[in-house]
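Visitor: Attaching a single structure in structure tokens format; questions to follow.
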Amino acid sequence: VCDPGQGLRVKTPCTRSSDTVCEPLDGYYCTDQHRGGCILAQKHTNCSPGQYINLRVDCCVSGQHVYKHCSGDSSTTCVQCSQSTYIDFPNNFISCISCTLCDEGIGLRTKQECQSSADTLCEPLLGYYCIETHGKNCRKARQHSTCLPGQYINKTGTAFTDTVCKDCSKGSYSDGSFTVCKPHRKCESEGQITTTPGTKSSDSECTDKRSHFLSLVAISLPALVMLGLALWVLYLSKKRIHRQENEIDLPSTPAQSDKDNHL
């Protein structure tokens, strides 16, 4: 039975297969529910003189804040947020929130200026990617990684992802700025000679066979001349020493001996 003395009335009458379902009377609210119905209700509180029914706690709309709270004979007074402040939700705040500053020191720049009903939107600087977000806003960014010589850019960095680098395979090279590694030059197939073999960070260096021969001659000739001069000097030196040794060992002649005795 739905007892009006308990603030109830019939919502669904009793049938052979189901019990009566009760609901609160007008001006009442349910305090005890059971099986989809209400078994006890209480009357709504009446506002005293000087009070009003607060149908909404949030008095001011987005972009405004409370200038003067409501009283017994007047409603809440709201005003627009001042410059460099905002509120992006209905509220009962007495002041607005300071706008976010997009700090270049943490890799940010302004994407959308602050408005009374929306905060500043920040985005990463060019060459940076976001590492900390709040909703659609970027709070902190970091510079994209730089690929080293011997690596290539496998995936270019975006505003939200870092650059991905990978090592070059054997027989190819990159200075770190290539999106693909380049194959080394094959000097022999070009009819040239390899002067410097390629590495993972540099290409092979080639030269013409004639140029290579002339360069070898140009490098070798001074050395050969110096070696020849050194051998010639050594030869002359040994020849002089040998002649002096022969003069010492040579016996005196008879004429020379008589002359010496006469003296």
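Glycine is treated like the rest: Cβ placed from N, Cα and C.
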Visitor: Taking TrEMBL as the reference, CYS96 is linked by a disulphide to which residue in CYS81, CYS102, CYS114?
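Guide: Disulfide partner per TrEMBL record: CYS81.
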Visitor: What are the DSSP helix, strand and coil residue counts for the repeat 'TNFR-Cys' (80-122)?
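Guide: Residue counts for the repeat 'TNFR-Cys' (80-122) by secondary structure: 3 helix, 15 strand, 25 coil.
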Visitor: Within 10 Å of the Cβ of CYS96 (disulfide bond), how many other Cβ atoms are there?
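Guide: Excluding its own Cβ, CYS96 (disulfide bond) sees 22 Cβ atoms within 10 Å.
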